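To start, the structure itself, in structure tokens.
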Amino acid sequence: MTDADIPESHPRYESLLTRHRIEAGVEKGITSRQGLIAQGRGEAFDYLLGERTLPSADAAERAAAAHLLLADHPVLSVNGNVAALVPGEVVDLAEATAADIEVNLFNRTDERMERIADHLRDHGASEVKGLTADGRIPGLDHERAKVDADGIGDADVVVVPLEDGDRAEALGELGKVEVVIDLNPMSRSARAADVPIVDNVIRAVPAIAEHARDLADADRETLESAVAEFDADEALAAAERAIREGGDDDET
Ligand code: PTJ
């Protein structure tokens, strides 16, 4: 089955498409088998959120775009799930914000690193970082501590989709602005983020790119106010309310 075999009219179209891409990622050796479990957790939250972008998530996506445009050195971190779900969209976001792309894996093997870098290049990436791994994030004892010194090591703004809580906290301690995309508003990563985006990565990455294009000609003051107006605690509370109440309006 290919993406094209899933009828767009199907009520769970996006969910089926996502599952299919993750399965294909595992078959290609891009996504880890644990990635299937992570996807299942994400799907459960997405279902509770109504499989839509909440207004509070849209506000977070705009703030994320403003942060990326203000950054001296923005980096988009890519793991096996992100590479399977949104490879072209990550390349597009990197282009829209002049960001670097760096592969960073929890279940790191040289083979998966190479396959993901090739996959991203096949989707138009000109440069993929992460393979040199000549830097370390202090305070982490697993493979996610390995970064490129001139990539995440040097970044001032990092986008980390589907992150684990440890690294989210460690990156925050390094003083980097951290944008986390995670469907679970109660996760440690979402709580550690400067900008938590509680949305499916499949919707969030293109939405950040669209906001970045909208803001491309904005002056510094406009970008800074887009950043200042965003309230992370309020966005997380709005997402929790949406889950509890299941309503259409998360701003009440
Ligand atoms: O490719 P690797 O080796 O780096 O491994 C990546 C995974 C995702 C397996 C690893 O980081 C992991 O185990 O992640 P966790 O701890 O399961 O966390 C995944 C988080 O992302 C959970 O809070 C999920 O709700 C959330 N999530 C899952 N799918 C999506 C998602 N958030 C946004 N969009 C999704 N499609």
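Count begins at 1; order follows the chain as displayed.
Keep in mind that glycine also has a Cβ here, set from the backbone N, Cα and C atoms.
The following features are taken from TrEMBL:
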type    : residues                                           : note
BINDING : R19, R41, D182, L183, N184, R188, S189, N200, V201 : ATP binding site
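Here the features listed in TrEMBL are painted onto the structure.
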residue	record	Cβ contacts under 8 Å, 6 or more apart
R19	ATP binding site	Q39, E43
D182	ATP binding site	P161, L162, E163, S189, A190, P196, I197, V198
N184	ATP binding site	R41, G42, F45, A190, V198
V201	ATP binding site	N81, V82, L85, V86, P161, L162, I181
Contacting binding-site residues for ligand 1, chosen from R19, D182, N184, S189, V201 when the Cβ sits under 6 angstroms of any of its atoms: D182, N184, V201
Residues R19, R41, D182, L183, N184, R188, S189, N200, V201 binding ATP per the record - widest CA separation, whole Å: 25
Neighbouring C-beta atoms (10 Å sphere around the C-beta of S189 (ATP binding site)): 24
R19 (ATP binding site) in three-state DSSP notation: helix
